[in-house]
Amino acid sequence: MWLQILFLVLSVGRIDAAPPGQSRVVGGYKCEKNSQPWQVAVINRYLCGGVLIDPSWVITAAHCYSHNYHVLLGRNNLFKDEPFAQYRVVNQSFPHPDYNPFFMKNHTLFPGDDHSNDLMLLHLSEPADITDGVKVIDLPTEEPKVGSTCLASGWSSTKPLEWEFPDDLQCVNINILSNEKCIKAHTQMVTDVMLCAGELEGGKDTCNGDSGGPLLCDGVLQGITSWSSVPCGETNRPAIYTKLIKFTSWIKEVMKENS
């Protein structure tokens, strides 16, 4: 059943809620098998990434909002039979209340736009089975540091402005930069609930289809992919990630009230 859903999504154009999620892994590499067991593929009209933070809860980007979701867990390759693969239906979604709902339908970036609070919680109809290939990851407890080495992951296009999508999960190594770097790089708002990450020399980035996926810095989940420039991976155009340390209280409150 889930393979039919996935093929349908790909047949109509495997795109994410573009540009706020201009998030594809560019300049990356094939992730080591089962090295990202919290990675989730969120399937609706688009393909987005997500992160398993509790057996019953996935966090993703608010601009990935839709009315029906399915999630794939424990997958390295989206199309091959894999021993740890699981499929779940989402029965409730909780976009952050301060995210601008206009951007849930309109995904074009304009100068001055403020995409703050770009995160959403998805409640699974049945908890995930925790195995060697499916694991939860803890929320951050400390601020990420500028210069931290980070890893982002996803299944989306590996070349800027081209629809070349890998079957296998891709990883890319980038660094946390000061928000001032992103303020200079973008005409959109860069706020204190966002993280700036990438490589100023370009060539490494997240892009179309990775939105909502994890950003791990020094092994700690610190962000989820939000938006970047078009095309991605350009020189002096680092990407923007939702800064999770700013939202841990809200996340825990939603999970507690709706479990």
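Using N, Cα and C of the backbone, Cβ positions are placed for all residues, glycine too.
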Disulphide bridge to Cys182 as given by Swiss-Prot, partner from Cys196, Cys207: Cys196
Selected from Cys64, Cys150, Cys171, Cys207: Swiss-Prot disulphide partner of Cys31: Cys171
Cysteine from Cys207, Cys217 that Swiss-Prot links to Cys150 by a disulfide bond: Cys217
Among Cys64, Cys207, cysteine joined to Cys48 by disulfide in Swiss-Prot: Cys64
Separation of alpha carbons, Asn106 (N-linked glycosylation site) and Cys48 (disulfide bond) (Å): 16
Among Cys31, His63, Asn106, Cys182, Cys196, which are recorded as recorded positions, the nearest neighbour of Asp118 (active site, charge relay system) by Cα: His63
Cα-nearest neighbour of Cys31 (disulfide bond) within the listed recorded positions, His63, Asn106, Cys217: Cys217
10 Å Cα neighbourhood of Ser211 (active site, charge relay system): matching recorded positions from His63, Asn106, Cys217: His63
Local Cβ density at His63 (active site, charge relay system) - other Cβ atoms counted within 10 Å: 29
Largest tally of Cβ atoms lying within 10 Å of a Cβ, found at which of the disulfide-bonded residues Cys31, Cys64, Cys150, Cys171, Cys196: Cys64
